[in-house]
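Worksheet: the structure to be examined is printed underneath.
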Amino acid sequence: MQSYQQPLRVGVGGPVGSGKTALLECLCKAMRDHYQIAVVTNDIYTKEDQRILTEAGALEPERIVGVETGGCPHTAIREDASMNLAAVEALARKFGNLEVIFVESGGDNLSATFSPELADLTIYVIDVAEGEKIPRKGGPGITKSDFLVINKTDLAPYVGASLEVMERDTQRMRPERPWTFSNLKKGDGLQAVIDFIVERGMLGVRG
C-alpha cells in the first residue's frame, strides 16, 4: 500500500457570498509555490466552487475536488463528514506529499462548525455587507473558530457599517482568538491568514 503523510486540514466556513472561495483562491495562489496544497469544496447540488477555483487557476485541476453534499451543508462538515473525509483521504493518497488541504464548506449560518475529525484548524469568513451587527450576533462561527476573517471592508461606507464598532464587538466576542479585517480584491488581510496557518499549522516559513 502506498504510504502518504497526513496533511494539515484547514476548514473554511461562512455564509453564502462572504468570500470563502475568493479567500481560497488567494491562499492557494500565495502558498502553492511553497507548500503542497489541495482543496475540497462543498456545494449542495453543484460543483460550482470547484469550477470557479479551477478556472481561476488557483491550483492544478486534479488538486481541486468538489463534493455535492445535498440537503443541509453543515451536516457534511459536522454530523456526517464521511464524504469530505473520503475526499481528503483520496487526495492525500493520490499526491502522497500534501501538506495542506483546505475544506470549504457550503454557505451556512453562524452556527456552522467543523467536526474535529475533519478540520485541524478552522477559519470563518463573514462580510461587512451583512452589517456591523454580525460580530455581536455570536454563534460558534464567530466565537469558536480558530481565525475570523471580516471581509469586504471596502463596502463599509455603502452599507453604513462602522469598522470601529465591528472591531470592538469582535474583540469582545472572541477576546483571545485571532482575526483580521480583509479586502481580498486588494489582498488586504491575506498575509495575516497565511501567517496564522503557517504558525498554528507548524508548517515552517518558506519563501
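Going from the start of the chain as shown, residues are counted 1 onward.
Using N, Cα and C of the backbone, Cβ positions are placed for all residues, glycine too.
Over in Swiss-Prot, the protein carries these features:
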BINDING   Gly14, Pro15, Val16, Gly17, Ser18, Gly19, Lys20, Thr21  GTP binding site
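Non-local contacts of Gly19 (GTP binding site) by the CB criterion (under 8 A, 6+ apart in sequence, same chain) comprise Val125, Asp127, Val149, Asn151, Lys152, Ser182, Leu184. Just so you know, of the binding-site residues Ser18, Thr21, the Cβ with the fewest other Cβ atoms around it within 10 Å is the one at Thr21. Annotation: Gly14 carries the greatest number of neighbouring Cβ atoms among the binding-site residues Gly14, Pro15, Gly17 [cut-off 10 Å, Cβ to Cβ]. In the structure shown, across all protein chains, Lys20 is the one of the binding-site residues Val16, Lys20 with the greatest number of other Cβ atoms within 10 Å. Annotation note: Lys20 (GTP binding site) sits in a helical segment as assigned by DSSP. Under the three-state DSSP scheme, Pro15 (GTP binding site) falls in the coil class.
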